[in-house]
Amino acid sequence: MANSKMAFLAFLAISFLCGLASATYKVGVGRADITGPPVEINFMGYANIKQVGRGIHTRVFARAFVVEDEKGNRVAFVSADAGMMGYGLKREVIKRLQARYGNLYHNDNVAISGTHTHGAPGGFLMHLLYDISILGFVPQTFEVMAQGLYLCIKRATDNLVDGRILLSKTTVLNVNINRSPTSYLRNPAEERAQYEHDTDKTLTQLRFVDLENNLLGAFNWYAVHATSMNNTNRLVTSDNVGYAALLLEKEYNPNKMPGKGKFVGAFCSSNLGDVSPNIMGPKCSISGNECDLLTSRCPTGEGDCFASGPGKDMYESTQILGQRLADAALGLLNEQSQESTAREVTGDVRFIHQFVDMPNYNGSTYNPLSRKVDKVRGCQPAMGYSFAAGTTDGPGAFSFEQGTTTDNPMWNFVRDFIAAPTQEDIKCHEPKPILLATGRATFPYEWQPKIVSDQLLKIGDVIIAAVPCEFTTMAGRRLRNQIRAAASAVGGIDTEVIIAGLTNIYTSYTVTPEEYQAQRYEAASTIFGPHTHSIYMDVFERLTKALMRNETVDAGPSPPYMNDVMLSLNTGVLFDGHPINTDFGYVKSQPNKVYGINETVKVTYISGNPRNNLFTEKTYFTIERKINEDRWKVAYTDASWETKMVWHRTNTILGFSEMDIYWDISPQTLPGEYRIRHSGEYKYILGGKYPYEGLTHSFTVKED
């Protein structure tokens, strides 16, 4: 890694002298903190009501790039360390952008994608099914995300310079596996024979440089669930892809704290629907035996079917996979000119967007496998029985099994009490047995979206397909091929197509029609029925042709505005208290005097509730190293991988709480004298919030 900058600059210098530097864009990158309330709020992803935040392992960030061509056509793309994106949130971001920039940014030229971490605070999606395990809407989460998403685009805009874009790709093995391999095998053999693996192993990178060949940023797309941290995790985390981003940024922002520095590196979601990072595969949690492949169930007494790996625990697994992804991205940036796979992106910037009413969609699409035109229609949103079974990354509850194609009178009774599907709904979704008729549920507001956001961003000969859900491997492959073929047929150019998953609005999963028949978790969560993927193929083909012809399309029906009907069972902080003879910031447990490499420092403070102040763009604590008698330098923060912040109540009635701070001393740690500083706010029982600070005594980290 040490020679990464020199190698990259050498490649670009040679490329320039050879006349390869021909296309000029205005390019800019930006980053912002979007860490929501780290305690007492449920995380979004596993839908596990027990997964309530207790602190921070790593902060979560939003990373953006902005590109403008010579004619002033502009697009903005954001990758956010979040489970997914909600349209209400995007609408608020556009509102804030337009308050500053007028109509420079709008719904059509801004795409916001989630990395799919399952370890960040929820309550921002504004649809009941997705917020119900969070106990409803969380204004604090929504606000910090809206402001951070806006801010990262603003910073990218402020950083715009004349520059160039290069595209490169590499194969990354030992990072993902298919978690529904039996469903994948439902796809035609001749189609599967075109691919070596049952998941996509290609990492695609867009790198941004200025005209002096200074590296500005690198955005990488790779298909893998951000679920190395399992549903027992209680600390805010950006998971495997987020850790990869931290490593990449650390390489090009030396001596900067995580989340700081000019270089922006992102790892973005792609067609990850059936793709797990738990590469040791599923095993029965008690016996260690193999799970049943079709149902992902274990015999009675052998535990849950749970996948893990490659590390000894979820932290090590996250670290290993994040390192592998970062190494792959760095490898592309470090390539020497004679062996480089990078090519320059050339051409104009375009964009197209359309809202589509999925339940009322009727159309047709050409099926290249059957060589016939298929009629397609959408269904009212509904979740199948296998949705409740969960996945091998996070098993569900009760006795539900993946692959279920028959219903149960008891669960149907429960379903009908909430909202009953019509006979037309039941027939439309076959062979999915409907567990939740979310499209028919209206109390207290819409349970799942009916109107989706379909969008394409064209940057030269690269097309980013912003899809509003989790496409499975083969579903994504087919869509890429469809868009590429349409662009070639109409525009006469060969394009690189990137699937950007979980973008703009969230509508669960999309599987191929063949995979839908298996009714595993992903198929049961394909909410618009068996033709969902065919509809997307139809819509994106039409949008691609319009994009290449520079034609406009009808905007489509806008999603409903629901900000004024949000409900929440989450309570605010009433007040904070502390025991007699102490104060906020009091160090209850001091560090030892001396530590060695690979040991862990733990200190405990009397604290206020972290929800009183999220310390956005700041930190709840610093680990400081002594430089001289008058100067201490911050070495680690709450965004650092090596640290953990764990908060817990000690007396609910009196409002007492404590903050534990852990620091794992790595072999890279410089020896010397250290101390730990904690900052917070407490809420006074009579009103008002007040800052406090606590500082440990100093301690020594000795040489190994």
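Every residue gets a Cβ built from N, Cα and C, even glycine.
According to TrEMBL, the protein has these features:
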SIGNAL    1-23  signal peptide
DOMAIN    25-537  domain 'Neutral/alkaline non-lysosomal ceramidase N-terminal'
BINDING   His116, His225, Glu470, Tyr509  Zn(2+) binding site
ACT_SITE  Ser276  active site, nucleophile
DOMAIN    540-701  domain 'Neutral/alkaline non-lysosomal ceramidase C-terminal'
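The structure, with features from TrEMBL marked on it.
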{"residue": "His116", "record": "Zn(2+) binding site", "Cβ contacts under 8 Å, 6 or more apart": "Gly45, Gly83, Met84, His225, Ala226, Thr227, Val241, Ser269, Leu272, Glu470, Gly501, Leu502"}
{"residue": "Ser276", "record": "active site, nucleophile", "Cβ contacts under 8 Å, 6 or more apart": "Asn176, Ile177, Asn178, Arg179, Val224, His225, Thr227, Ala307, Thr391, Thr392, Asp393"}
{"residue": "Tyr509", "record": "Zn(2+) binding site", "Cβ contacts under 8 Å, 6 or more apart": "Gly273, Cys469, Glu470, Phe471, Thr472, Tyr521, Glu522, Ala523, Ser525, Thr526, Ile527"}
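For Glu470 (Zn(2+) binding site), other Cβ atoms within 10 Å of its Cβ number 30. Around His225 (Zn(2+) binding site), a 10 Å sphere centred on its CB holds 27 further CB atoms from the protein chains shown. Excluding the listed site residues His116, His225, Glu470, Tyr509, the same chain places Ser269, Leu272, Gly273, Val275, Cys469, Gly501, Leu502 with Cβ atoms within 8 Å of the centre of the Zn(2+) site Cβ atoms.
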